[in-house]
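In what follows, a structure is listed as structure tokens, so that the remarks can point back to it.
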Amino acid sequence: MEKLLHFAVHFLFGDGTMSGEPVPLIFLVCINAKSVSHGDNFQNCSSIFIFGKDEKYANCLIENGTDPCYLLKEVHRAKEFRTYFLAILPIVLSVIACLLNIGYLIAQLKCFSIEKTSFKKRQVFLISRSLSIILANLLFYVVVIVWKANGFVYTSAMIFILIGGINFLSVTGTYIGLTILLYTAIAHQFWYMTKLTLTHCWLIIGLIWILSTASSVCIGLWGATLFYPESAPISCSFESCQQPLAIIIVVCLSICYGTVIGLYIAMMARLHRLVRKSSMVQSRSKSNSMTAMKRLGLNMITFAVGSVPILIVCIVALANLKDLSSLGEGCKSPCKTFLHSSLFVEVEILASVAAIVWIIAMIIDPVINILADKKLRGLFVKQITRVSQRIRRASTKSTISTDDQ
């Protein structure tokens, strides 16, 4: 009867007005009385209570001293974070990152076809990194589709961790490979030109992808049990499995970050010494060293921007792991969401920050590399110009055909 009454009022008066006139008082009194009759939990929450949506939380058993209005407010916050910062904003940024990296990849492939073998060695690692970023963006859309279809459950959490793991490990591997490659090209130029072949670079990249995929599968299968232990196909208790696993993951991430940044600093210091020792006769070598140092510095900034915030998120999640893992226990229900709304807000914030920072790093990477490389910058600008010209021609043709009709 109550639902019919709600429907009748909304059908007649919409959101509260009809042809500019206010809804008759008798209808509002009736609706408010019926809503309060669901329970006394929200009798003081009229300013934040959403009719037609929040009634499902009215009969939840609340502990003494807990403010139901605060819990309801946190539920709304969690839903807002999920909608805007875990869905809309990451998807918009992901589209930008995907388009930028596709354009960057096309420019790289064109540059790869005309470069000498010595330059192709570096391009191979950059191409691998671009492919990893594009693949991660495409799989991110799969996660969003799975999430919207079935909700955020063990499967979607596993895919999310798997994608993040493959992208992070493969990109980290290419960062390490590029750092060592740039240093070798300057400090051991003869060995770089004669001993290190393009085939060696392809083999190193293949090894990076195999190790990244294998490690990410393990991290995804067991990592998702941290948040959904009961629905996971793998048994993983908190004390014997979840907590040690989380510590291992955070320690491994810290080691990876520390290794890459440490390599950057060490290689830049060595190159700086080489630049100081080089004489005027070696002006070309000095110029190459300066270019390598600039690239290393820019790559280090890009890596730090995308990695340090994610590491902080992982450390915060580890510190609150016991509380966060409790969200995966038991069946999913409105009352569970309502009673643990503060934890859900924390999860949404952590996931949102990780996703947004991760995608922003994907945007920064091609931008910095395009700006630092004259050839790539020229090819990228030409490519954008051609695409814009084609779009203009297509729009002009469609306009002419419309006018003829």
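Cβ coordinates are placed from backbone N, Cα and C, and glycine is handled just like the others.
Because TrEMBL annotations are produced automatically, they should be read as predictions rather than curated entries.
Annotation comment: TrEMBL describes 84-106, 126-147, 159-186, 198-225, 245-267, 296-319, 349-372 as transmembrane segment. Under the heading domain 'G-protein coupled receptors family 1 profile', TrEMBL lists 100-369.
Among residues of the same chain six or more beyond the transmembrane segment (296-319), those with a C-beta under 8 A of the stretch's C-beta atoms are 168, 172, 175, 178-179, 182, 246-247, 249-250, 253-254, 257, 260-261, 264-265, 267-268, 271, 350, 353-354, 357-358, 360-362, 364-365, 368-369, 372. Counting Cβ pairs closer than 8 Å to the transmembrane segment (126-147), the top stretch among 84-106, 159-186, 198-225, 349-372 is 159-186. Residues of the same chain lying 6 or more positions beyond the ends of the transmembrane segment (159-186) and with a Cβ under 8 Å from any Cβ of it are 118, 121-122, 125-126, 128-129, 132-133, 135-136, 139-140, 142-143, 146, 192, 196, 201, 204-205, 208-209, 211-213, 215-217, 219-220, 223-224, 253, 256, 259-260, 263-264, 267, 270-271, 274, 285, 288-289, 292, 295-296, 299, 303, 310, 354, 358.
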